[in-house]
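This report concerns only the one structure given below.
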Amino acid sequence: MLTVSLLVCAMMALTQADHDGVLKGTATEAGEVSPVFRSRRALVCPAGWTLHGQRCFYSEATAMTWDLAEANCVNKGGHLASIHSLEEQLYIKDIVAGIVWIGGSACKVAGAWSWTDGTPVDYRTWCPTKPNDILSDCCMQMTAAVDKCWDDLPCPASHASICAKAAI
């Protein structure tokens, strides 16, 4: 009797899960159903982008101003990269060469840094004596230094850039 009760409960749970869209069944030739959990699908990035965590990154080698670099990233469906941890900093450091624009800006109010993607500035790795908070130096770059620390520069300078967007 206990076995029958357990089987009925299991069948009801699976039926409800399938009804709620949690399971996607694939029938085999023997008529068995092999459940595939949708929440377990792999995250992917478009061609040319690399996956790290839940975000995709695109290294743009063409040198351009900070404003054009941001517009280029937006055109690709993202923004200049925001960096939220040492792990992300190290990942980006490994996929870029030289100086690159990243998504930080303080052009509206000197010293009030924000990311172009709207996420909070919750991690910082400024170079020593930076930022200098001069309003003309209001765009953020990752330097070519070994540690790839951040520096504030005038936005009209031309550099490569790194874009980021959510993986799908």
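Backbone N, Cα and C define each Cβ position, glycine as well.
Residue density at Cys56 (disulfide bond): 23 other Cβ atoms are found within 10 A of its Cβ, drawing on all protein chains shown. Under DSSP, Cys56 (disulfide bond) is assigned to a strand (E or B) in the three-state scheme. Here Swiss-Prot flags Cys45-Cys56 (among others) as disulfide bond.
Other C-beta atoms found within 10 angstroms of the C-beta of Cys73 (disulfide bond) number 24, with every protein chain shown included. When secondary structure is read from DSSP and collapsed to three states, Cys73 (disulfide bond) falls in the helix class. Feature annotation from Swiss-Prot assigns disulfide bond to Cys73-Cys163 (among others).
Classification of Cys138 (disulfide bond) by DSSP places it in coil, neither helical nor stranded. Per Swiss-Prot, the feature disulfide bond maps to Cys107-Cys138 (among others).
Cys127 (disulfide bond) has a Cβ environment of 16 other Cβ atoms inside 10 Å. Here Swiss-Prot flags Cys127-Cys149 (among others) as disulfide bond.
Residues or ranges marked as disulfide bond by Swiss-Prot: Cys139-Cys155 (among others). In the three-state DSSP reading, Cys155 (disulfide bond) counts as coil.
Taken together, the residues of the domain 'C-type lectin' (52-164) have an average pLDDT of 96. Marked as domain 'C-type lectin' by Swiss-Prot on the basis of sequence analysis: 52-164.
Per Swiss-Prot, the feature signal peptide maps to 1-17; the stated evidence is sequence analysis.
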Cα separation, Cys45 (disulfide bond) to Cys139 (disulfide bond) (Å, whole number):
27
Measuring CA to CA, name the entry from the disulfide-bonded residues Cys45, Cys56, Cys107, Cys138, Cys155 that ends up nearest Cys163 (disulfide bond).
Cys56
Cys107 (disulfide bond): which of the disulfide-bonded residues Cys45, Cys127, Cys155 is the nearest Cα neighbour?
Cys155
I'd like to confirm something. Which of the disulfide-bonded residues, Cys73, Cys127, Cys138, Cys149, Cys155, has a Cα closest to the Cα of Cys56 (disulfide bond)?
Cys73
Residue pair Cys45 (disulfide bond), Cys127 (disulfide bond) - Cα distance, angstrom, rounded:
31
Starting from Cys155 (disulfide bond), work out which of the disulfide-bonded residues listed here (Cys73, Cys127, Cys149) have their Cα within 10 Å, and give them in sequence order.
none
